[in-house]
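Single-structure report; data block below.
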Amino acid sequence: MTERADAGIPKLSSYARTEDKLFKNLFRNYQKWVRPVEYLNGTVQVKFGLAISQLVDVDEKNQLMTTNVWMKQEWVDMKLRWNPDDYLGITTIRVPSDSIWIPDIVLYDNADGRFEGSITKAVVKYDGTIIWTPPANYKSACIIDVTFFPFDLQNCSMKFGSWTYDGSQVDIFLEDFHVDKRDYFDNGEWEIVKATGSRGLRTDGSCRFPFITYSFIIRRLPLFYTLFLIIPCIGLSFLTILVFYLPSNGGEKISLCTSVLVSLTVFLLVIEEIIPSSSKVIPLIGEYLVFTMIFVTLSIVITVFAINIHHRSSSTHHGMAPWVRRIFLHRLPKLLCMRSHADRYAAPGCARTGLAGREGAVGGIKKGSTPDTSPLLSSRNNLRAALDSIRYITMHVVKENEVREVVQDWKFVAQVLDRVFLWAFLLVSVLGSALLFIPVIYKWANIIVPSHTGGIG
């Protein structure tokens, strides 16, 4: 057993010496600053592909997309070829990328100043083919459209190309239309709907510079914003409706309106911290908040007017107009299924008629009778004084009833006004929320991604 183990050592040492010899032979006169071409006007053909491992973040405020990617690059180096039969069948070796010529392909639309990838080893094959896949963490510029936030769809691109070589020296071709997502780690907020690449040419005078553009169509997952932003906003708008259900004799109506208005202001400040400051578009949730704030402001105005009507009386305002009485005391209560307003104006006339009859009877006794003895005259005087007292008390009670009825009429008008705006605001709130959110949600859930139109080369 020991002899067999010792016999294997020279073989391993021979392989290591052979690989060491291969390295020395390959890099003895190798110059990494010179393009690996056989002729001066030769072109290095570079196959370029992209694999994404993680979509780290999409910063709407600064309009940046942060990604972890692997840049797949493959080209042929004429100076790094050997015959495997001369080197114990060695077909591939790994060399540091900073010791060989590499294409200076960078991300053009980089936002943090780091244009190149990491320095990693490259795989070199015996026929001169080099495969280099450096990992990189990029922050690329991305124009964020927040019109339908948080049900938005973004199209962020990454543009790669050679920094110094034109197309006659280094030409770039797509390895695959699609970005490799086999090792992709899902993001909790964004979903990659489609990621494709295309090749383009930029002309600068007589030179043409090829570049590769990868488009990432990403869709936001709106569950977080729906639970903690949209639903509370909808709840606040419906709280505004309940203002018209509160009685007007207290101060709770105005307090509730102002509390809702302050809450909406806080939500606006939260959204302002999330989305970019732009005057071109207004986000969907911003439109809804502005709509709700106008809603609440109108409710405050209407509530102040209703409270003013509720506290009206004959001593502070003129009599109720006939059209107000006709609409708010007779017609609208029937349409709103409210209890009809009672007619309180028959009793005073009856009371006056009774008093007048009694007074006429007393007057008749006075006029139709002859002078009588002093006891009878005294009884008449007492009766007249009693009737005057009863008339005064009756008129006072009638006046109080009239004042009370006027106050009750105004209170009932305020109640009818509250009920009208309760149903009106409920209808506007439901229709406004539905018309604002349902089409956007339907569009978000049924996204049709446009087909790929680019080319490989």
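Backbone N, Cα and C define each Cβ position, glycine as well.
Bear in mind that the values here come from a model prediction, so they are computed numbers and not experimental data.
Features as listed in TrEMBL:
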DOMAIN    19-221  domain 'Neurotransmitter-gated ion-channel ligand-binding'
DOMAIN    229-437  domain 'Neurotransmitter-gated ion-channel transmembrane'
TRANSMEM  223-247  transmembrane segment
TRANSMEM  254-276  transmembrane segment
TRANSMEM  288-309  transmembrane segment
TRANSMEM  420-442  transmembrane segment
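Counting residues 6+ beyond its ends, the transmembrane segment (254-276) has Cβ neighbours under 8 Å at 60-63, 144, 146, 149, 229, 232-233, 236, 239-240, 242-243, 246, 283, 285-286, 289, 292-293, 296-297, 299-300, 303-304, 307 in the same chain. When pLDDT is averaged over the domain 'Neurotransmitter-gated ion-channel ligand-binding' (19-221), the result is 90.
Within its own chain, the transmembrane segment (420-442) has Cβ neighbours under 8 Å at 148, 151, 230, 234, 237-238, 240-241, 244-245, 284, 287-288, 291, 295, 299, 302, 306, 332, 336, counting only residues six or more beyond its boundaries.
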